[in-house]
Every structure is written in C-alpha cells, then in structure tokens.
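Asker: First the structure, then my questions, so here it is.
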Amino acid sequence: MNKNLRFTQMMIGISTMALSFGSIQTQVSAEETAPYNILQMKPMGTETSKDEIVHATKADETLNFEERLKIGDFSQRPTLVMKRDEIQLKQSYTLAELNKMPNSELIDTLSKISWNQITDLFQFNQDTKAFYQNKERMNVIINELGQRGRTFTKENSKGIETFVEVLRSAFYVGYYNNELSYLKERSFHDKCLPALKAIAKNRNFTLGTAEQDRVVTAYGKLIGNASSDTETVQYAVNVLKHYNDNLSTYVSDYAKGQAVYEIVKGIDYDIQSYLQDTNKQPNETMWYGKIDNFINEVNRIALVGNITNENSWLINNGIYYAGRLGKFHSNPNKGLEVITQAMNLYPRLSGAYFVAVEQMKTNYGGKDYSGNAVDLQKIREEGKQQYLPKTYTFDDGSIVFKTGDKVTEEKIKRLYWAAKEVKAQYHRVIGNDKALEPGNADDVLTIVIYNNPDEYQLNRQLYGYETNNGGIYIEEKGTFFTYERTPKQSIYSLEELFRHEFTHYLQGRYEVPGLFGSGEMYQNERLTWFQEGNAEFFAGSTRTNNVVPRKSMISGLSSDPASRYTVKQTLFSKYGSWDFYKYSFALQSYLYNHQFETFDKLQDLIRANDVKNYDSYRESLSNNTQLNAEYQAYMQQLIDNQDKYNVPKVTNDYLIQHAPKPLAEVKNEIVDVANIKDAKITKYESQFFNTFTVEGKYTGGTSKGESEDWKAMSKQVNQTLEQLSQKGWSGYKTVTAYFVNYRVNAANQFEYDIVFHGVATEEKEKTTTIVNMNGPYSGIVNEEIQFHSDGTKSENGKVISYLWNFGDGTTSTEANPTHVYGEKGTYTVELTVKDSRGKESKEQTKVTVKQDPQTSESYEEEKVLPFNTLVKGNLITPDQTDVYTFNVTDPKEVDISVVNEQNIGMTWVLYHESDMQNYVACGEDEGNVIKGKFAAKPGKYYLNVYKFDDKNGEYSLLVK
C-alpha cells in the first residue's frame, strides 16, 4: 500500500527545505533528490539548512489556505544551538560499489561507515535501481538491522543509523519509481516491524548517551518511512515519558529533542498515511484506543505551560500532534479537550495559540471543547496586524513591503536599492524587460519580513506556508516571505538572501514561461540547476562592476578537486544535495565571464520554452570535456583568489539626502553622457523618495556578433555610470542601467534599448492630506460608537471619499459613521481618504470595547490612588475591572503608566467626574507598559483598569 495521499507526484524541484535548526547549516540525515515537504505526504527524506531561500511546492502555489491546513504538516523542528564541526570523511561509496560486494562484506562496510559516506542515497539512477531491485539483499539489510537492534549498547550504536538511512532511501526511491514498486507496499514496509521491535526491546533503548539518542532518532525516522503497529507505538511511550519527566534538563539538549521529535512525527506520519491510503476513520484502525499512553505523553508536552525560547518548538509540536492524534484516543474528544486547554493557557496570538486554533479548524470543525466557534480568519488578521504592522510602498505601488515593527526603515531602503542592482544586471544578461505574462499576481511584488526567526514561525499560521527555511517565494501570489536576522542567526545577511530571492521573482516574471512548477520545462527538474545557481549568481550584482563572484559561494566549493562537481553533475543537479547551489553558481559565473554565447543560448531556449532543444543542448554541454576542464580550472582560480572577493551590498550613497535637481536637467545630462536618442523620462512615487527612469536608444559601432556586442555595450554602460558619478550631483551614485532588445541596423551597427534608473529629488508638489480620526475611542458591546473625521483635509485638492475599516471585518464610506461592535476587545480602526487628484492617505486609531457599561454601582469599590506611589493590582476572573480615583486641585500634566506583568489583554481608560460617558485619556501599549499623558483640569478622576480577555494577570500602576 502506497504512502501516497491526495496528489500525484509533484515537481520535485519545488522544494521547501524541511529543516529548521536555528538558521545554522546542519546536516543530520541522508540527502535526497527532493527534501521532504510535509505539504504532501510523500516519503520522508532529508533535512537541510534553514539558511537557504526556497521555492514553493505545487501545493503552496495552487491550494488555498484551508486546503493547505488539511494536508499540511506544520510541525516545528527543535532549534540547534551549536554549529556543527565539519567532518572530513575519509572515503566515500556509491551504491554501485556496495552492490558489487557480497552480503557479508556489505554488512561489514555499512556497520563501519556513516550514511553520509554513501554519495547517492535518495537518488534514482541505474545503479540505485540495481541495488534496490535485489529483494534478497533488502531482506538481509532488514534482518541485520534487527540483529544490531538486539545488541547495541550505550557506547556503540552498531551502525543502526546507517542501516536505517539505507532503508529509508529505498522506500523513498521506490515511491517515485515504478521499477521498484514492491518498495511502495505496506506489506513490505511491515517487514521492518520485527527489527524495530528488536531495537525497542533492547534495555539501552532510551534517551541517554549520544549513541542512544542516535538510535532513538533512527527508530522514529524508520517508522515514518516504513510502518508502525500498536506495539511499536507503545515502545515509544517510555521514551516520551522519560523526556517529559526530565524536561527541565533535556529541553536544552538538541539531540534528545530531535529524537523525541522524530518519534512523534514518524508515528503520526505513518498513521495519517494509513488513513489516507485506506480511506478509513480513526476508530476503524488498529491504533484506536490502544495508544492512549502515547497520546497522553504528547498531551503533557502540549500543556507544559510557560513558553520560553528553548521550549516553544516543543509546545507547538505537542499541541499540533495532540490535535492530530487525539481522535485515536479511547476518548475521541481528548484531542479537542487538550487543544482547547492550550488555547486558553497560552497568550493570545502566540504561536501556541495559533496552532491550537488551527487544529480546531482543521480536525474539529472549527469549535472548541465547549462548542464555541473560533474565527480563524479573524484571528489570522489580528495576527498580521500584530506581527506585520508596517507597510512601505515603492514604484507607484508595484513593490510593497509588509514588515515587523523592528525591521528598520534603513533596511527596507537598502533592500529596495539592492533589488535595482540585481534587476539591472539581470535584464542586461537576458536581454528582455517585458513580463512574459502580464496580469499575473507578480505585477505587484510583495515582500513580507518578520522581526526575527521566532516570529517568522508564525508565517505558517498567518499565511499557511512552510517556515523551515530562510525564506520562501510564492510566484502564484507574487509574494516573498522571510525574516530579519543577526550574524549569529544566519550565515547570510538579509540583503544577500533577498538578492537571491528577488532573482527568483525576476526569473518567473521575465525568463521562464508559466507559473513555477507548471509546464513541461519544469518537469524532471530540468531547471533546478539553472534557477538556483542563477539566483546565487545574480546575488553578486553590482551597480557598475557587472556581476561578481561572492565569497560566501566560493567558500562552499570543495578544497579537494576530486570532490568538485563536473559539468554533467552540475547540469543535472536536483534538490537534495545542497552543494549544487555553489557549483551551479560557479558554472554560470564561468559561462558569464568566458562563454557568454553559451550562457545566452541557454536562457534563450528557456525563455522560448523550447524543451526539446534545451534538453539536447544541456546533454551536449554535459559531455563536453573541454568545457569541464575549463570549468574545473575556473573553480580552482576562484578558490585560489577567494580572499580577493567579498559579498556585494548596496553602499551608503543610496541613503544620503541628495540635493534637489530638476528631472529635465537629469534627463539632458544622461542623454549627453550616454549618447542616446529618442529619450523619455518617467517619474515614480515611493514612500521615502521618488525615482525616475530614462529610456532611449543606443547605437554602437560595427557589429562583431551578439556576444562581442554585448560585452562592448556592458562596458560602455558601466563607463557611462562612472562618468555620471563624477558629476556634482550625488544622486547619480544611485543610478543603475541595463540594455535590452539587441539588433543590428542596416549600417551593420548594433543597437540596444537602454534604461537608466535612479533617485528623483526635484522639489515635490505639496500633496499632503491630513487625516484626522479624532481617536482613540471607547464603547460598549452592542452599543453605537460615533466616529468623526472632523479636521481631515487635503492641502492641494478636496477629499472626495472616505473608507473606514473598523477592524472587525466591516467598513463604512461615511465621513462620520456610527458602528456597533459585537465582541469586547481592542480594535485597530483605519481611515483611508482619497482626494480629487486620486491620492490616498491613511491613518489608524484604537477603539476599546467593553462587555458591560460602568454604572454608578461600579464605583462603590473605588480605591483612592496616591500620586507618585507604585500600586500593585490584579485582574482575576470574575473581576474584570479595578476602579481607582484621584483628585487634581490645580491644572497640571498627569502621567499614567500600567505595567502588564503577564501580557494579558488589558488596558485603562480615565474619566472626569463631569462626563462619565466620554473618557479623557486611555492607555497606549509600549511593549508591556500601557502609558498615557494628559492635561488635567481640577476635579475628581476615575481610572478604570480592566481586562478584555479570559486570561488572569497582575499589574503595577503609577500616576505622577
């Protein structure tokens, strides 16, 4: 029976690298041709670095959010806190070499080597086919695994990890290739059950030494690729219990966390696969009611309590798997009960909270244990407002950044200008700047950047995409997701990764027809080597020095010439062995610098969607011994001179304040220096500055052929940029340029269309629109709140439309609307106004909605509040509100601050005795401090400190 769920085999090249280890490059399992993407329940393979930017899967590109939730695995891997040492392996083996050995020699060899000494695990070729077609040999390996399971010790794992990886590779390759169809059958997977049980019955099967942890990890991984039964699941209970009982010690131990993760993931994966393959319900399976102890230990993980940086991944997994496995408990509502407890236990909008809500939506009909409906869409929108509150627009809205509040404006500006450097070099090389399919979502490029790796984990909940990576681009949405990082969190800077991913955007829009993963050109990973190496190559783009090799790429090339990729290996690389990124970069860098006509032809064939001739040309290049020799020599040259290279990044010239300069003058100077004809200038508006493009036609000298003409043109454009930079205006140091549409005229002269882009600093027309929302507001559930836009005006036109977004999914186009909220809480209200020139301006304010109005009885328990004295209080259900009073005798400024000790949903509002319906001040959140100042007039004031969710917490209050 196949572990094949809803989808036919997807493009393997569309990977979402499956491992999240604190952004540190770590290899902890055997390599595969396509890293396991949990969004499709295909066989599990290898795990990779979180540093890398990845492409989406076909599921990511085609399914809606709810469908992705149903088929996805949004578990979270433990975080590695130490960078591994590089291991230099003494000898490598191919499966062809292993296949020539008699069984006794094979077993002896496998017992002495590491799995990563076998170079072609998880790859399908004639050699791997021959190795895995031998059923007798497979049985020998399985039986030997059982023998070693009985005899491993605390100090010696007996090579169990290597035997397991060889078997996992078999099941993985068998899944994708009909020639090995017997390896797809569950009946054959079940042959591993005796070996698994032999391992588990060994008294050393527990968390402990590094060797023991390694065996436990292998046990979980093999179950995920092979199969389980109730007995193998029960054997795992003691491992989980041991981990839970020693959580305070083990939570910081990566190896033990990894072992527990693989155990739970592997068992869940096998059980969920069985449901899909058989179309059975949980209560119709062997596991129903027979694995309660295992589920109970998972539930313990879900309800650990206090979330820390060390245990957040663990808690999230506990909730996730408690929801999925709960239906197999003898009490089928146990899972719903646990995730409801988790939802109420953890902070609202935290990762744990989102995992609980998603499990309710995905597995329990969108209701909690008490039958209350949860509105996932509303919660998701609240999460986006909290984690991605900032929006920046560029180029008339064609580039949009949505970011966390700690991503600096300077970083956004740098990324914008980095995109322009990459774009200029990219269009030069491909010779085209027209979208292949205008009207797609990528007409507007959206870049979503979270504050840090931890908050990036929320992207799974907010947008529904994998986060075990350094970032992911979804072409179907025209959106790129990533996060800000520190040098300790990633070996690459955000700008470096952004340049890589921006190249993928350019590829999809200007070079490769069709959406990512669709069409014949994408099949069989034809473009894997090209697109990833191409992105690494163009990440080295500069403003005036073409595209240069990046030191970070060169350092990834092997120091051993015999270990470097050949041209053939590079051209036929597939996802799985991530070294190919570096080697494909090196090959494309070589072609760019020394065989541009070859580089150009490859791209022409791809853009023309000429699959037949692309295949033929790639095959021809792969067998070109001269090309391979020159490629090897080029890599050696890079390695020998790597200290001379760096990692290109935008200079501070882009960020300085440039003097105003009329655009007409800019155009004339560019036309004069560049010697172009038929020039036109276009201005574009961005949030921080405006930009321009100058387009024209350049006529060169006598044509010497396209390749030589291109080189001459590139040199000429670089010289033009340098000449412009020597002029007095600093804005010329922001100018990039590219040329497209090569042709030769009747006089045998080459011609190009040329485009310059840079900052525009002419004096701006005053276009300010003042949006006045007259907030913040407060009100009562189910009672009208009056909103006002008085004071809103346009300085250079008149306001012609209003759009209020009340933050609860409803809107109004009135200037001064009323609105009724159905639920208590704090809402963000946004007002968008448009003036007679079509310009839009926005502003936001807060509205606090309480459950019950304050009556005169509410103040019977008022507490007198002294000035300049710290007061402690708490809000514990059913106590929703604390009321304090203080008197002001003379006009003065009063400063109120409340420290929200447990970060519950709480705030404060202040009333004057003369008007108990309209407050005079309210708190604004600054971290966990709720602050406010106001000019007080004499009289008595009532300070209401209240909570608006079900959490309990303490606070400290100071009025001065």
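Each residue's number is its place along the chain shown, starting with 1.
In case you wondered, yes, glycine gets a Cβ from its N, Cα and C as well.
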Asker: In Swiss-Prot, HIS500, HIS504 are given as binding Zn(2+), so which of GLU476, GLU525, GLU532 is in that site too?
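Answerer: For the Zn(2+) site that includes HIS500, HIS504, Swiss-Prot also lists GLU532.
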Asker: For the region 'Helper subdomain' (652-764), give the DSSP counts of helix residues, strand residues and coil residues.
Answerer: 40 helix, 43 strand, 30 coil
Asker: Report, as numbers and ranges, which residues of the same chain sit near the compositional bias 'Basic and acidic residues' (836-845): CB under 8 Å and 6 or more residues beyond its ends.
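Answerer: Answer is 767, 769-777, 794, 796-798, 800, 828-830.
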Asker: Would you count the other CB atoms within 10 A of the CB of GLU501 (active site), including those on all shown protein chains?
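Answerer: That number is 23.
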Asker: Just to be sure I understand, if DSSP states are collapsed into helix, strand and coil, how many residues of the region 'Collagen-binding domain' (852-960) fall in each?
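Answerer: Secondary-structure breakdown of the region 'Collagen-binding domain' (852-960): 4 helix, 61 strand, 44 coil.
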